[in-house]
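Asks: The following feature annotations were taken from TrEMBL:
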type     : residues : note
ACT_SITE : GLU100   : active site, nucleophile
ACT_SITE : GLU104   : active site, proton donor
DOMAIN   : 21-215   : domain 'GH16'
CARBOHYD : ASN108   : N-linked glycosylation site
SIGNAL   : 1-24     : signal peptide
Amino acid sequence: MAYSFTRAFLVCVIVGALVVVSYANLYNDVDITWGDGRAKILNNGELLTLSLDKASGSGFQSKNEYLFGKIDMQIKLVAGNSAGTVTAYYLSSQGPTHDEIDFEFLGNLSGDPYILHTNVFSQGKGNKEQQFYLWFDPTADFHTYSILWNPQRIIFSVDGTPIREFKNLESSLGVSFPKNQPMRIYSSLWNADDWATRGGLVKTDWSRAPFTASYRNYNADACVVSSWSNSCSTSTSTTSSPTSANKAWLSQELDSTSQERMRWVQKNYMIYNYCADAKRFPQGLPSECTI
């Protein structure tokens, strides 16, 4: 369904009286969409696992569509030799002019670090990649990966530490920004050994299959768009309190401490930045890279 949302954030309806305290139940929050039994919701809805073997991967999507919000998910990535595999976790709309906000975790040989790949698409156009190593082993335990999306900016965070900010520069520089199309959360575990690890030089070792990624504590403090209305209501899918109705995410920005933490990550763990890739853009770097 196509939506027209001029200043769409203004039509979010605060429903503080309806905010209740509840506990995470993935049965209520997501639908398994593919994998023929390889995706499972376990422990009474507290845990979800995706698996990949030579025949197929698997995936799920959120039941709701969102127009701005803060989305958190705790993920434990494929352990051991994960080369060739990709665990994707992203917001996306549908269609040729879709918007998308990406986390992708590119597997690697045992002992070599995962690569966290981020990207932003607007009106079907991406090419805004930044890649990072992580400062911990993402396979040893669960870690929280967050997307904050409001009309002014997109902030990617890991365990509460911001790693990337993509600002809305549409009015000043004409850079398209996701702002009109509601998006769902999607996640999948799939084989991408033609490109994922060292440009496709390292292939998936199927003797290690099945590969498994685990998810828990999904939280969408966001503006939920209904299929029958162009308005949206504040919804928190997991543990919440009345303060969630204040929608702090709607105007949230990085304070000086958060900016310093992001600079630390980018200085020490960023391994690719499209804004520094002059060879890729011989006609000049994208305009947002001049800021």
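Quick reminder: no glycine exception, Cβ is built from N, Cα and C everywhere.
Automatic, uncurated: that is what TrEMBL annotation is.
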Asks: Measuring Cα to Cα, tell me the gap between the residue listed as 'active site, nucleophile' and ASN108 (N-linked glycosylation site) in whole angstrom.
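Replies: Distance between the two Cα atoms comes out at 25 Å.
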Asks: Can you count the other CB atoms that lie within 10 A of the CB of GLU100 (active site, nucleophile)?
Replies: 19
Asks: Restricting to the chain of GLU104 (active site, proton donor) and a gap of 6 or more, list residues whose Cβ falls under 8 Å of its Cβ, or answer none.
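Replies: Residues satisfying the criterion: VAL86, THR87, ALA88, TYR89, TYR90, LEU116, HIS117, THR118, ASN119.
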Asks: Averaged over the whole of the domain 'GH16' (21-215), what is the pLDDT?
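Replies: Mean pLDDT, the domain 'GH16' (21-215): 95.
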